[in-house]
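Some features that Swiss-Prot has for this protein:
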- LEU12, ALA13, GLY14, LYS25, ASN53, ASP70, ASP100: GTP binding site (BINDING)
- ASP100: Mg(2+) binding site (BINDING)
Amino acid sequence: MLLPTQTSWVILAGGQASRMGGKDKGLVELNGSPLIQYVINKLSQQDVSITINANRNLDSYQAFAPVVSDSFPDYPGPLGGIHAGLKNASTDWVGFVPCDSPQISDDLVERFCAAVKEDSDILVAHDGEFKQPVFTLFHKRVLPKLEAFLERGDRKIILLYKECVTEYVDFSDAPNCFVNLNTPEELTQFGTLQ
């Protein structure tokens, strides 16, 4: 079985945050702490190294963890961050989570590691109803395929998953761990619920 220490994890914070009014989502505060701090706290308990993918406010993010930026222009979405994370990783297996999901499961890394098969390229979380495409674990061997995918202008992460050996990791018992906060209204509502 793959061990958590044999993986590294990248928090995706490189988007444009258009639904958050352009504010950098990872740095937006929830109950006095930046959203990214919640994600870091959850991952830090799981015995993995953490990197952040960001394309602005780099100094702010570097206060939390090492930062890698997209090398493809024009914000290619989560795949740009996945590409940057894979390209700069020191491990063969690299996991990715979004910066705006404060309730990541305490055993997220362990579940992903347990689901790896010998021929797996990519593992994707599934909440029992929906695929959670940016909660994912990639093997570095996907990098050439990902680069070709991005170079031809493809941006839909689900299409890449169809080109690779993709497994799904069951989180049907913990669907709330995928709550993500995309708008100021969602942030306010979530903060009130806590």
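Cβ coordinates are placed from backbone N, Cα and C, and glycine is handled just like the others.
Bear in mind that the values here come from a model prediction, so they are computed numbers and not experimental data.
Feature map: Swiss-Prot annotations on the structure.
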| residue | record | DSSP (3 states) |
| --- | --- | --- |
| LEU12 | GTP binding site | strand |
| LYS25 | GTP binding site | helix |
| ASN53 | GTP binding site | strand |
| ASP70 | GTP binding site | coil |
| ASP100 | GTP binding site | coil |
Query - Longest CA-CA distance among LEU12, ALA13, GLY14, LYS25, ASN53, ASP70, ASP100, per record bound to GTP, angstrom - result: 18
Requested in this report: Determine the Cβ neighbour count for GLY14 (GTP binding site): the number of other Cβ atoms within 10 Å of its Cβ.
Outcome: 29
Query raised in the report: Once the chains shown are all counted, how many other Cβ atoms turn up within 10 Å of the Cβ of ASP100 (GTP binding site)?
Result: 27
Report summary line: Other C-beta atoms within 10 angstroms of the C-beta of LYS25 (GTP binding site) total 24
